[in-house]
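Visitor: Please see the structure below; I have some questions.
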Amino acid sequence: MAKRDYYEVLGVAKNASDDEIKKAYRKLAMKYHPDRNPDSKDAEEHFKEAKEAYEMLSDGQKRAAYDQYGHAGVDPNVGAAGAQGFGGFADAFGDIFGDIFGQAAGGGRARGGPQVYRGADLRYSMEITLEQAAHGYDTQIRVPSWAACGVCHGSGAKPGTKPETCPTCHGQGTVRMSQGFFSIQQTCPKCHGTGTYIPEPCVHCHGSGKVKETKTLEVKIPAGIDDGMRIRSAGNGEPGINGGPSGDLYVEIHIKPHAVFERDGDDLHCQMPIPFTTAALGGEIEVPTLAGRASFTVPEGTQSGKTFRLRGKGIKGLRSSIAGDLYVHVQVETPVKLTDQQRDLLKQFEKSLAEGGPRHSPQSKSWFDRVKSFFE
């Protein structure tokens, strides 16, 4: 009897995604599994047919060959897998049901061996100044870490004893459990995937084989780093379990508020008070920058709130080839605590302005004109 088209068997289109193929197979496998149909030869055949179709279409290379050449394009011996019974059912379902039955994130195992886990990542928060962020900064930090226990030398067992092979999983680290109509492989509940257990734990480390310590690490903060960025130190997180890789350490940077500048990306902003005489007459003023002092000319008649841009006086960011700019926002300062002489001089000055008409205060004239038209 000629084989049916694999896509037809699973009930999916030829352009079906891997996820759609997986879902279709899962549905058919549950429907026709022999545990649900113990006396049905028809169900058994449907199950074998679905299993074979899934094995072909879930493999990228086999699927490509099948799409191009049909059944002749795939290994003719693959069909014999159906005669092997149902021993491979759990393996075929491993990628489908693995997340349902508690596969730990970051975990894995060599086939038949104990569970291996990657160590957890650590996070360290560091505050630096704006100057340190702009110019770069080398420092040292002290972070919690783990070291082999000096009493049991990392074995976790009381001196004079040693770990023994787990009697539940026989050193495999996993046990096979039956759930309903199929079986799954789980981490051994007694040894938690290690393949061994400790009859007499070390009293110093409580059987963990490691003790907490503090280690010092060198941290190089690159010039131009911004608030909230993280620096990764590979392998300096928590140690792995059963030979798994260590996690990473992430140093999160926070920049302290600055007394003069506010940062906006690669640009800097500062508020600069100037005397009203300088604003009226113009003149050169000096401003601070992260690289020292700089000066620029304020034109006569400068109004409060005017912004001046100093190119290249900002910060060169991590991904920038040139530095940002410094924006100076001038605030015209009104004098206070005047002497009698100063008051008299200002009154004379005010009188001379009034005699000159609105040409001395164009913004005031414009504002009063708008107010006048508003009430008309």
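Every residue, even glycine, has its Cβ placed from backbone N, Cα and C.
Dumping what Swiss-Prot says about this protein:
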- 5-70: domain 'J' (DOMAIN)
- 136-214: zinc finger (ZN_FING)
- 149-156: repeat 'CXXCXGXG motif' (REPEAT)
- CYS149, CYS152, CYS202, CYS205: Zn(2+) 1 binding site (BINDING)
- 166-173: repeat 'CXXCXGXG motif' (REPEAT)
- CYS166, CYS169, CYS188, CYS191: Zn(2+) 2 binding site (BINDING)
- 188-195: repeat 'CXXCXGXG motif' (REPEAT)
- 202-209: repeat 'CXXCXGXG motif' (REPEAT)
Visitor: Sorted by position, what residues of the same chain at least six away from CYS166 (Zn(2+) 2 binding site) have a C-beta under 8 A from it?
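Guide: The list for CYS166 (Zn(2+) 2 binding site) reads GLY173, CYS188, LYS190, CYS191, THR194, GLY195, THR196, TYR197, given in order along the sequence.
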Visitor: Same chain only, please: residues at least 6 beyond the ends of the repeat 'CXXCXGXG motif' (202-209) with a C-beta under 8 Å from a C-beta of the stretch. Say none if there are none.
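Guide: Distal contacts: 148-152, 154-159.
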Visitor: So, in DSSP terms, is CYS202 (Zn(2+) 1 binding site) helix, strand, or coil?
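Guide: Assignment for CYS202 (Zn(2+) 1 binding site) reads coil.
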Visitor: Please report how many Å separate the Cα atom of CYS205 (Zn(2+) 1 binding site) from that of CYS169 (Zn(2+) 2 binding site), as a whole number.
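Guide: For CYS205 (Zn(2+) 1 binding site) versus CYS169 (Zn(2+) 2 binding site), the Cα atoms are 25 Å apart.
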Visitor: Might you list, by sequence position, any residue in that chain lying six or more from CYS169 (Zn(2+) 2 binding site) with a Cβ less than 8 Å away from its Cβ?
Guide: VAL175, CYS188, LYS190, CYS191, GLY195
Visitor: Determine the most Cβ-crowded residue among the binding-site residues CYS149, CYS152, CYS188, CYS202, CYS205, using a 10 Å radius around each Cβ and all protein chains in the structure.
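Guide: The largest 10 Å Cβ neighbour count belongs to CYS152.
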